[in-house]
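*Asks:* Quick one: structure below, then a few questions.
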Amino acid sequence: MIGLSTAAEVRAAEDVLLAAGREGALMQRAATGLAVVCLRLLGRAHGARVTLLVGAGNNGGDALFAGAQLAARGARVTAVLFDADRAHPAGLAALRRAGGRVTGPEGPDGLDRADLVLDGIVGIGGRGGLRTEAARLAERAATGPGLTVAVDVPSGVDADTGAVEGAAFAAVHTVTFGAVKPGLVVGEGRGYAGTVHLVDIGLAPHLAPARAHQLTDADVAAHLEPPGPTDDKYSRGVVGVVAGSAVYPGAAVLCTGAALRTRPGLVRYAGTAADGVRAAWPEAIVTDGRPGDAGRVQAWVAGPGMGTDDDARSVLAEVLATDLPVVVDADALTMAAREPDLVRGRTAPTVLTPHDREFERFGVPVGGDRISSARRLAADLGAVVLLKGDATVVAAPDGTAFVNATGTSDLATAGSGDVLSGVLGSLLAAGTPAAETAAAAAHLHGRAGQIAAARGPILASDLVRVLPDTVGRVRGGGDALLGHSGA
Ligand SMILES: NC(=O)C1=CN([C@@H]2O[C@H](COP(=O)(O)OP(=O)(O)OC[C@H]3O[C@@H](n4cnc5c(N)ncnc54)[C@H](O)[C@@H]3O)[C@@H](O)[C@H]2O)[C@@H](O)CC1
Ligand SMILES: [K+]
C-alpha cells in the first residue's frame, strides 16, 4: 500500500528533522533525488538544455540545487528567478558556481529550445493558482519542446486535494519528496502531475500513519486468492444480484457476468431480467422472483438497470433490510438519495458507488476536493462511498480513504459501472473489509480496462471477457507486467 500524506503531515515529519538541524541534508537529498530522475529522463547531461522556473521558497531551492548538479555534469542550465531577492541563496550560489545562467521572467529563459523544464515555482507552500508571470511561463513550458518535470508538486495544484484554481504547471513527470501527496493522484491534479516518482528523504519514521492510500497489484492479489483444496463453491462466498429489467436485461447480464468472471464461486440472480441472464450465463442460479427466493448469499449487488418504481424500491428495501454487505449502484443510488435512511440504519457494510451526478443527488456537489467529499458522505450515511472518476476515491465512515491508481478514460463506456458493481459484489462476498475491498474492485476494474484497451476501443462486455486474464496477471505480480509507473 502506498500512503498518501498531506502537506501538513509532511511538514510535521520534516519539523522533527529540522529541529535536529538536518535542514541542509533534507534539501540535498531532495535535490540529488531530483537530479537523478532528470538525468534518467534526459539520457545524458552533457549539452542538454535545462530551464529552471524558480520561486521564492524552498521548492525553488530544490530546483536550483538539482540544476547545479546537472550543470556540473555539463548541462546548459538557465534559472528563471521570479523574485530575485528571495531566491534560495545557497541554491543560487551553487548554481552559479557550477556555471548555470540566471535571468528574470522577462529574460532569455531558453524555453523555446529546452530539453527539460523544472518547475520549482511553488511546492507544498503554494496557495491558489499561479500568478500572472508564473502562469505565462508555465503555459510556454507546456507548449514548448522541453520535457516538463514538476518539483514536489506541479505549481498551482493543491497538494492535498488535487484542486486547480486557475493556472497550473502541466508536468509529464513529478518528482515528489518524502511521501506521495494526495493532490498528485486525485482530481485535476492527477492530470497535471503525470508520472509520479517518489524520492526517499528519510521522512518515513516520522510520518503520521496515512489516512489515504493507493493499493498496488500485490495488495489486490490478496483479495483474489485462488480456491484452496478445502474450498467449495459455497465457502468462497456467494453473491446475489438484483439488477436489470425484462425490457433492459443488459445491466443484469454485465453485472452477473462480471461477478462470475471475478471469483468463479456462485452467483445468484433475482429479478425480471431472469431470461436474459439465464441465456447469457448458464452458470448463474437464476430466479425471476424476489431476492428472498434466490437462496443463501453472502453479499448483494443492487441497482444497475433495475428502475426506480415502487417494485424496485421494495426489492431494494428487502436487500437493505438484510444483515449482509450490499453494493448500492445506479438506480439504487437514486432511490437511496431519496430515502437515505434506507442506508443509514444498517449495521452490515453498505457500499455506494456514485459518479459525480449521482453523488450530487445526496445533497452537495462533489467540488474540487474529492477525498473530503467522499469522506463527508461516508460519515453522514455510515456507509462506504466509492466515488467514480479518473481516479476513483473510496472513503469509509471513519475517514480511511483510498485513491485508485489504475483508472483509464477507456472505462468511460456504457455498462462499465455495471461491470464494476459485479466485480465489487463478488469480492465483498468473501467477507473482507468493505472499504479496502471496494478499492480492490476499482483497481481490478481499471486493470481490466487497461488490458482490454490495449486491443482497441472497448465495450463493457470486453471488460467482462478480460477479467480472468486480469485476475491472473494481478495475482502474478502484474505491476511490472502492466507497466505500472508507480511512485
Ligand atoms: N522543509 C524542508 O526541509 C524541505 C522542503 N523541501 C521543499 O520545500 C518545499 C516547501 O517550501 P516552502 O515552505 O518554502 O514553500 P514553497 O517553496 O512551496 O512556496 C512558498 C513560496 O511561494 C509563494 N507562493 C505561494 N503561493 C504561490 C502562488 N500561487 N504563485 C506564486 N507564488 C506563490 C509564497 O509567497 C512563498 O514565497 C517543498 O515543496 C519541497 O519542494 C525539500 O527541499 C525537502 C526539505
Ligand atoms: K513545483
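Heads up, the Cβ atoms here are built off N, Cα and C, so glycines get one too.
Just lifted these from TrEMBL, have a look:
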DOMAIN    5-209  domain 'YjeF N-terminal'
BINDING   58-62, 123-129, ASP152, ALA251, GLY305, HIS355, ASP418  (6S)-NADPHX binding site
BINDING   ASN59, ASP119, SER155  K(+) binding site
DOMAIN    216-474  domain 'YjeF C-terminal'
BINDING   LYS388, GLY389, ASP390, ALA391, THR392, GLY417  AMP binding site
*Asks:* When DSSP states are folded down to helix, strand and coil, where does GLY417 (AMP binding site) land?
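*Replies:* The residue in question, GLY417 (AMP binding site), is helix (DSSP, three-state).
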*Asks:* Under DSSP, is ASN59 (K(+) binding site) helix, strand or coil?
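*Replies:* For ASN59 (K(+) binding site) - judged by DSSP and reduced to three states - the answer is helix.
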*Asks:* Identify which of the following binding-site residues, namely ASN59, ASP119, ILE124, SER155, place a Cβ less than 6 Å away from any atom of ligand 2, and list them by sequence position.
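*Replies:* Going through ASN59, ASP119, ILE124, SER155 in sequence order, those close to ligand 2 turn out to be ASN59, ASP119, SER155.
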*Asks:* For ligand 1, pick out the binding-site residues LYS388, ASP390, THR392 that have a CB under 6 angstroms away from one of its atoms.
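*Replies:* If the test is a Cβ under 6 Å from any atom of ligand 1, the answer is none.
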*Asks:* Which of the binding-site residues listed here (ASN59, SER155, LYS388, ASP390) have a Cα atom within 10 Å of the Cα of ILE124 ((6S)-NADPHX binding site)?
*Replies:* ASN59, SER155
*Asks:* For GLY389 (AMP binding site), list the number of other Cβ atoms lying within 10 Å of its Cβ atom.
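*Replies:* A 10 Å sphere around the Cβ of GLY389 (AMP binding site) contains 19 other Cβ atoms.
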*Asks:* Filter the binding-site residues ASN58, ASN59, ARG127, HIS355 down to those whose C-alpha lies within 10 angstroms of the C-alpha of GLY417 (AMP binding site); answer none if the list is empty.
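*Replies:* Hits: HIS355.
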*Asks:* Compared by Cα position, which of the binding-site residues GLY61, HIS355, THR392 is the closest one to ASP119 (K(+) binding site)?
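*Replies:* Smallest Cα separation from ASP119 (K(+) binding site) among GLY61, HIS355, THR392: GLY61.
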*Asks:* Could you check what DSSP calls ASP119 (K(+) binding site) once collapsed to helix, strand or coil?
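*Replies:* Assignment for ASP119 (K(+) binding site) reads strand.
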*Asks:* Return the residues near HIS355 ((6S)-NADPHX binding site) by Cβ distance under 8 Å, restricted to its own chain and a separation of at least 6 in sequence.
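*Replies:* LEU387, LYS388, GLY389, GLY417 - these are the non-local Cβ neighbours of HIS355 ((6S)-NADPHX binding site), listed in sequence order.
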*Asks:* Over the domain 'YjeF C-terminal' (216-474), what is the model's average pLDDT?
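*Replies:* Over the domain 'YjeF C-terminal' (216-474), the predicted model scores a mean pLDDT of 96.
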*Asks:* Sort the binding-site residues GLY61, ARG127, ASP390, ALA391 by C-alpha distance from SER155 (K(+) binding site) and give me just the closest.
*Replies:* ARG127
*Asks:* Spatially, and counting Cα to Cα, which of the binding-site residues is closest to ASP390 (AMP binding site)? Options: ASN58, ASN59, ARG127.
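*Replies:* That would be ARG127, the closest of ASN58, ASN59, ARG127 to ASP390 (AMP binding site).
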*Asks:* Show which residues of the chain containing ARG127 ((6S)-NADPHX binding site), separated from it by at least 6 in sequence, have their CB under 8 Å from its CB.
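*Replies:* None - ARG127 ((6S)-NADPHX binding site) has no non-local Cβ neighbours under 8 Å at 6 or more residues apart.
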*Asks:* Which one, from the binding-site residues ASN58, ASN59, SER155, THR392, has the smallest tally of other C-beta atoms lying within 10 Å of its C-beta?
*Replies:* ASN58
*Asks:* Specify all same-chain residues, apart from the site residues LYS388, GLY389, ASP390, ALA391, THR392, GLY417, whose Cβ lies within 8 angstroms of the center of the Cβ atoms of the AMP site, ordered by sequence.
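*Replies:* Output for this site, in sequence order: HIS355, LEU387, VAL393, ASN404, GLY407, LEU411, ALA442.
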